[in-house]
Amino acid sequence: MSHEGEEDLLEYSDNEQEIQVDATNINESAVDATVSETAEGATTDSEKKGSYVGIHSTGFKDFLLKPELARAIIDCGFEHPSEVQQHTIPQSIHGTDVLCQAKSGLGKTAVFVLSTLQQLDPVPGEVSVVVICNARELAYQIRNEYLRFSKYMPDVKTAVFYGGTPITKDAELLKNKETAPHIVVATPGRLKALVRDKLIDLSHVKNFVIDECDKVLEELDMRRDVQDIFRATPRDKQVMMFSATLSEEIRPICRRFLQNPLEIFVDDEAKLTLHGLQQYYIKLQENEKNRKLAQLLDDLEFNQVIIFVKSTKRANELTKLLNESNFPAITVHGNMKQAERIARYKAFKEFEKRICVSTDVFGRGIDIERINLAINYDLTTEADQYLHRVGRAGRFGTKGLAISFVSSPEDEEVLGKIQERFDVKIAEFPEEGIDPSTYLNN
């Protein structure tokens, strides 16, 4: 198959019928859940992937998961699934293909982690699960979720592969049956290199997952890597795709990798902003940003804060300034060596520092539960990226606060697009400040 042009895509079906599923009375959030069923050969596919119409569960115990998984879920303190988990897990554990859009913090990662672990029957030396994501930190985080939920499944081995590290170490791990993983979490470039050099065998893969699928598939080079990896896996497998944002343009591309998929869209496109997240802007001059930031860090109550800037240089300079001003801060950006980025991510996650200055490398999918304040020191240029940024605060249905600095006509234009795109009113931050109870959990 040629690699030239966007039409070089794997495609299983052109003729789909959408069936609306009643998703009312879940909670206060509106849920738009649709099931797409292939018209031709639907019976065969349904038998193969599992029948899913009308299946609903209200507690994790209702999913009838393996005892080892149920025990790990209890250890994590989870009892009731989120909207996306409630709609998706009952079908995904039976092998149904999934295309899922749900806003940040609703537990999409747990959907595919629990579903693949439920189906996993580990065989020494065989890779059964492949998870692809666009960022190294996200790959590391997903691996940790697998470790957390497989803690009572001692035979299950998980590995993470990403660029910036010696590929020889990956090869050594893969060729040894004692260390070879059953679950592989990887970025597309490194996994393609392992496939190309015949260092990994994907002929036994049963579950193929793409997290942040819009970001992975919208870039042609990354999409081509995914296609090459996809071709190295069996045709008969489960495919699941997840993202917080899923435009109408990218959905057909995603569907070409899927067979008879369950499609879940939690909240429609205009309501993707986070429940419980207070959002404000502050209009100021560029040279006023540092003073205003220091004032906010002094005045606001927060557990951890992430401050987004537009470049590596600004991240380094702002972090230096904050530390000199007695605001101990850590910085994370894409120009760091991989080991350093991971070490700093871990340090921030483990609460060694309360303030993190970052470029958009932390703008997608990163879960750090203590973050309840996000500040756009430099406002993003894209509305969708705004959602991913502010989604770092107020995750898992908790409260949070997002403040954006607006310092140019371009920023004002972007702010308008954000409000229009997500049908949300972002108010000006009051001079007297705000009540901490509006953005802090009790």
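Heads up, the Cβ atoms here are built off N, Cα and C, so glycines get one too.
Summarising the annotation, Swiss-Prot assigns motif 'Q motif' to 58-86.
According to Swiss-Prot, the feature domain 'Helicase ATP-binding' maps to 89-264, an assignment based on sequence analysis.
Under DSSP, THR109 (ATP binding site) is assigned to a helix (H, G or I) in the three-state scheme. The Cβ neighbour count for THR109 (ATP binding site), using a 10 Å radius and every protein chain shown, is 22. Swiss-Prot lists ALA102, LYS103, SER104, GLY105, LEU106, GLY107, LYS108, THR109 with the feature ATP binding site.
For 211-214, the entry in Swiss-Prot reads motif 'DECD box'. Here the motif 'DECD box' (211-214) has Cβ contacts under 8 Å with residues 108-109, 112, 131-135, 138, 142, 241-247, 250, 254, 364-365 of the same chain, all six or more residues outside its ends.
Annotation comment: Swiss-Prot describes 292-437 as domain 'Helicase C-terminal', evidence class sequence analysis.
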Structural state census, the domain 'Helicase C-terminal' (292-437) (DSSP three-state): 60 helix, 28 strand, 58 coil
Counts by DSSP class (helix H/G/I, strand E/B, coil) across the motif 'DECD box' (211-214): 2 helix, 1 strand, 1 coil
